[in-house]
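Noted in Swiss-Prot for the protein shown:
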COMPBIAS  33-54  compositional bias 'Low complexity'
CARBOHYD  Asn26  N-linked glycosylation site
CARBOHYD  Asn32  N-linked glycosylation site
CARBOHYD  Asn79  N-linked glycosylation site
CARBOHYD  Asn96  N-linked glycosylation site
CARBOHYD  Asn106  N-linked glycosylation site
CARBOHYD  Asn122  N-linked glycosylation site
CARBOHYD  Asn147  N-linked glycosylation site
REGION    32-54  region 'Disordered'
REGION    117-152  region 'Disordered'
REGION    192-198  region 'Required for endosomal and lysosomal localization'
TOPO_DOM  25-163  topological domain 'Extracellular'
TOPO_DOM  185-198  topological domain 'Cytoplasmic'
TRANSMEM  164-184  transmembrane segment
Amino acid sequence: MSGLSRPLLLAVGCLAALCVITAAGNTTLAPNVTTASSPPPTTTTVPVSPTTLSPLPVTTPAPDICGSRNSCVSCVDGNATCFWIECKGKSYCSDNSTAGDCKVVNTTGFCSVPTTTPTPTNSTAKTTTLPSTTTTSTTATTSGTTNTTLSPTIQPTRKSTFDAASFIGGIVLVLGVQAVIFFLYKFCKSKERNYHTL
């Protein structure tokens, strides 16, 4: 082999190895996200008196479904329009949130010791931001869609596979560059041989 072909052969081998390593390391997995189609949630700002610890949202009257509930958890957990009212030792579930000096509860976090086990329902989604004692307004976010459980789908782990197209493309690229270098070298050497000094 001539002096120039050995480095070129070494360069081809190195570039081929580099192509194989690059193709083997180029595996990316795209996350599979499942989203539920629902209307955007509505945000309502409701004034809160500074003496109460729970928000007093404005509600629309509902049929008498709140009166049949007998515990704080079952009252506020299953329905967005029901409120648990604790007033002077008497507690009851109502759809009217305006009670005089009574404590109005609309989240299970403010319920005192529950008397019965909550019955899970799937009627409406309800998210409420709890106010601090220094704020005078709170933001309640509710949407009219049903609760859905989204479980992410897990893609099986993909083993690194050899990408033949990338490998062949890399070889063609390297051989093309080497051919250009080879012909430039031959061209320069032929010009050098033609002009010998005497």
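Placed from the backbone N, Cα and C atoms, the Cβ positions cover glycine too.
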Inter-residue Cα distance where the pair is Asn106 (N-linked glycosylation site) and Asn96 (N-linked glycosylation site), in Å: 11
Site with most surrounding Cβ atoms, counting all protein chains shown within 10 Å, from the glycosylation sites Asn96, Asn106: Asn106
Model confidence over the topological domain 'Cytoplasmic' (185-198) (mean pLDDT, whole number): 76
